[in-house]
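Presented below is the structure to which this report refers.
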Amino acid sequence: MAALRLLKAFLLVAVVQIALAHLSSCENDKIISVDLKHLDHHVDSPRHDAHTTFAERIHSAVKRSQARASAFKSIVAAGVTPRGLNFDSTIELSTKATSFQSPVSAAPGGYIMSISIGTPPQTRTAIADTGSDLVWLQCAPCSVCYQQPDPLFDPRQSSTYKKIRYFSSLCGELPQVSYNWGYCTYRYGYGDQSTTQGDFALDTLTLTATDGSTQTVPNFAFGCGKRNQGTFSGTDGLVGLGRGAISFNEQIGSLIGSKFSYCLVDAFSSATETSPLLLGDAAESTGNSLKAKIKYTPLIRNPAADTFYYVKLNGILVNNKPVSGIQSSVFTLNVLTGQGGVILDSGTTITQLIQSAYIPLLTKLQSLIRYTQIDSSQIGLDLCYDLSGVARPTFPSVTFQFQGVDLVLPANNLFLQVDDQGTTCLALAGTSDFTIIGNIQQQNHYFLYDVANERVGIAPVDSCSTLKSRGASAGSAKEEL
């Protein structure tokens, strides 16, 4: 039986690799991109509410960032999730989320993107999450589903849909699986107790290039969710963008050269503004064409959390001087225990600095800023100032010194004006155990994930929105803020 499973796994992987290699050689001149939009802010978003204030959005983002950090912490503490554990698929999911017990991924991330699966393609909107791997959609018929704006994905309407066999390598990549008449049933949980359960299947993924042509990827693995519950923001599912074998980007790695990039627009941008995400060689060529030279920092593997994108942070500067009291060792990843380290995460809004670095930085900034400090408890941030009547406020510069790259944070990447009264707050928070670099600190910078070469390129840009003209739509995505 074991030999048969290995043989089937080898054949399946070989077929997928051959198909992608053919696509890559035939379509390597195609550019694929995705538009990112604020989930709460953009007018196209299903969660857009014109009456929600920026302060309310920030308060919500602080809570989500803290919850996401807690989820990351649980994952690292548990170590790499065992693969292929069996569960009883006949047991219905309880309506009480706390009753779900299984290995979990981080709470769903902060972006939404369109994904087209099936023949003919069925286009659906799903959360894009760099903190998990599984791609899944709610499917018909569905026994336990939350409300979504689009019709459920219907596998009966796709001529290329087929369930994955239980004895396959892809089935073995899932944390929990069940044998169902020879096929693979999955169960997948997230750090906020959201869950999905259903059939693990193969179907055709359709991508759209800049010239309007389409590229199809056969045998794309995804979850056809039949029992789903939790905080999925009214979307149709989730697209895992982590480093695991079943993630969206890893599955199409041969087609896109294991490269993707994004450039996030300013949090104060127009409600119609979008941020570009590029897939493939266009990500690298765009990075090389920037006015500011792109520089690279190594990606680091954490054996205890192989989904996340770890980088090496050496220190923090304020006004170009090292912050007293911050030792470089506080950012070190212990690969033996999985503890510590620094994670790049587009799904976390507010950067979570390890306390031993956060407190000295907070103290230093307080000593340099002369504006009136005010109570920030209602917002959930630690350092806020009253800037009413201040025409042109100035703040100290802050630099994150990654290995090989200095990320110099402009004022808008560090301080946010959260209301019309001039209340302005530091967009950082403290946490224990490790550091997460969130998307506020990443905005107006080009981030190129060159996974094949285990590195991330970073470069400042004048305007992320101008890069949009270099790509075309493969769907749309909306950032949650």
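Residue numbers in this text run from 1 along the chain shown.
Just so you know, glycine gets a Cβ as well, placed from its N, Cα and C.
The signal peptide annotation in TrEMBL covers 1-21. Summarising the annotation, TrEMBL assigns domain 'Peptidase A1' to 111-459. Among the features that TrEMBL reports, active site is placed at ASP129, ASP345.
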Densest Cβ neighbourhood among ASP129, ASP345 (active-site residues), 10 Å radius: ASP129
Segment-level pLDDT (mean, integer) for the domain 'Peptidase A1' (111-459): 91
Distance, ASP345 (active site) to ASP129 (active site) (CA atoms, angstrom): 9
